[in-house]
2 protein chains.
Amino acid sequence: MFTGLSAFPLTPVSEQGIKEYEFIGLVEHLAEAGVDSIGVLGSTGNYAYLSHAERARVVKLSVENAAGVPIVAGIGALRTRDVLANAESAQEAGASGVLLAPVSYQKLTDDEVFDLYATVCQSLSVPLCVYDNPGTTHFEFSDELHGRIAQLPQVRSIKIPPVNSDIQAATKRVARLRKLIPSDVTIGISGDAAAATGLNAGCDAWYSVIGGIYPKAALAIIRAAQAGDATTAQQLSEQLEPLWALYREYGGSLRVAATIAEVTGRVSQPCLPQPLQTLQGGDRKRVEQVLEHLELD
Amino acid sequence: MFTGLSAFPLTPVSEQGIKEYEFIGLVEHLAEAGVDSIGVLGSTGNYAYLSHAERARVVKLSVENAAGVPIVAGIGALRTRDVLANAESAQEAGASGVLLAPVSYQKLTDDEVFDLYATVCQSLSVPLCVYDNPGTTHFEFSDELHGRIAQLPQVRSIKIPPVNSDIQAATKRVARLRKLIPSDVTIGISGDAAAATGLNAGCDAWYSVIGGIYPKAALAIIRAAQAGDATTAQQLSEQLEPLWALYREYGGSLRVAATIAEVTGRVSQPCLPQPLQTLQGGDRKRVEQVLEHLELD
């Protein structure tokens, strides 16, 4: 399950709750496109902003509408108690795996993070992907800590932050981590702009934001990389450079992805939980222009 | 209310809930010492880790046991919807003021933060203190943004991060901010090690962690500063340098304060919500040695 394209859909919301019909539409679109798994309640799915009940509902809706595509559900929370509750309801709702980031308010220590994973793994019957996303969690994993956590029997994948754009540096980075983890633990790349390089450098999976909106474009990149055609994978990614530029300019992928979903009519506006806002005015225009230029579907 | 010593108690918890009896003891101790206000559910009070119901309960318990000392309650949350719910229950429970930090998972923009404060202020009948704590919120206020937010009628104080230890630089910093905000908005210093300098530089309040455990020591510093005796304020703070050194060494004040509360029997162990842990082993010994040396009460 933790190989290939894992597509991360948004969770469109109003201030009253989940826009369920629109969310189901996003999930169905991904299942039809043939993604390898669907990662609900990732950072793109705004897991950190939703209540426990809303999160349980999102997992249930996605399992019911994914036509058998495995659902990986984000269970992260500031407090271990809440992570355990999310893990239980995700499993009850039929998630095939879970994704856990060490979310922080107070900066966490390595021992605290290890104990979090160890505690959660004891209550899991499905496999877990370690979600290494320092941009939002403000926790920096050392490779040594990744190695310790990866020994926990439920851990089967590590979602790593963007690799260096130099393929040799990226290959060394993936190989270094690989040496420290069991052979049945996969490594997945995140950060869409770095995905082709990450896959060409030996990553087994792509945890993808753009794959949650334009799965065909993401599948074309990953299938090329999986077939050993590194050049095509890289070229296809470079064609999407105007999109990666928007991510860089607007502080990450979330607001860009949510704005795309709004302007293409996939979700109604506003789709983000306040205080978060999609791009407006001239910024929104720029997104529209990039989409016109790229002609994705 | 947003002047003088605002003492921030811990919220001792188990994985099952608030340790209410111990929390009441902490609040009573502060009220008896004569602090000017009590800041419950600050970062020290672990607001971000508690449920809405637990937070409402903490405010109620503190109002009931503070013997008339004003209660300022932290209402921050990732989502505006949850901030509004916290504001409502804090007011219902009798809080005299609220404290709001722009907590983030996705990095926030200036406009998002302004809109958060504007939305929350519309629903408030008590005054608000803007909580500027980039170390935990990962949001950096510009002075210009502080100026805009401080125009909102409910805003009556800004809790600023540690100032430069050089008194002239600190005085300039406080004066620069003062120029941009209405005259009835106070400026309070946080970061205990910087408090004497901040107060001597013109801050009106000290939002204090150590004041939540050793209110007499904190009161001695602030009363000296308020009386214009900058030298004594600075000397009293310097006597506590071994404590400030522990804060620096252990990533901030929370784990040190919680360890102090445990080793002095104010709270039972463990008192922090998992995954957070108090200091153990040799680190705990060091805290005990510092306490022996300082002889605080």
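Using the three backbone atoms N, Cα and C, a Cβ is placed for every residue, glycine included.
Where the annotation comes from TrEMBL, it is an automatic prediction and has not been curated.
Per TrEMBL, pyruvate binding site is recorded for B:Thr44. Taken residue by residue with DSSP, B:Thr44 (pyruvate binding site) is part of neither helix nor strand, so it is coil. Residues near B:Thr44 (pyruvate binding site) in space but far in sequence (CB under 8 A, at least 6 apart, same chain), listed by position: B:Phe8, B:Pro9, B:Leu10, B:Val209, B:Gly212, B:Ser253, B:Leu254, B:Ala257.
The annotation active site, proton donor/acceptor is assigned in TrEMBL to B:Tyr131. Around B:Tyr131 (active site, proton donor/acceptor), the C-beta neighbours below 8 angstroms that are at least 6 residues distant in the chain are B:Gly42, B:Gly74, B:Gly76, B:Leu99, B:Leu100, B:Ala101, B:Thr137, B:Lys159.
Taken from TrEMBL, the feature active site, schiff-base intermediate with substrate applies to B:Lys159.
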